[in-house]
C-alpha cells in the first residue's frame, strides 16, 4: 500500500500531502520525519535524482523536482523498486501539468491540475494508472453540463 505522498518546498513547508492507512495521530511524525530526511539529504541533489530510505518495514523514495521535494512512502508490495515506478509517473505528470520542472510558485499555480493527476495515479493507496496519455485524458474529462441533460 502507498501510505503517503508528500510534496514540500525546499524550506520544508508542506505544499501537498496524501495519507492512506496512517492514523491521524501518526501523521505529524511522518511529516516531520520526511522533511528532516529531505533537509539532511537533498541539499545539492540533482533534479530527479532518487533517494531511498527504510524504516522498519516501510520504504521511502524521495527526490527534488525543480523547486519542490517529493516523498512517497510504501509498504508490503510497494518496496523501493515499485516506489521508483510510482515516483517516475508522479514526476512526469507534475512536469506535464506545469509544462516544465516546477518552481514552488508554478506548483501552487497548477495545484488543482496536479491534484487531479494524483487522484488518477493513486486511488486509496493503490497505484491505479501509470500511462501518461491515459492520465492526461482522464484529467481532461469534464462533468456534463446539467442544461444538456
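Glycine is no exception: its Cβ is also placed from the backbone N, Cα and C atoms.
Features reported for this protein in TrEMBL:
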- 1-136: domain 'AP complex mu/sigma subunit' (DOMAIN)
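Averaged across the domain 'AP complex mu/sigma subunit' (1-136), pLDDT for the predicted model comes to 89. Residue counts for the domain 'AP complex mu/sigma subunit' (1-136) under DSSP (helix as H, G, I; strand as E, B; rest coil) come to 59 helix, 39 strand, 38 coil.
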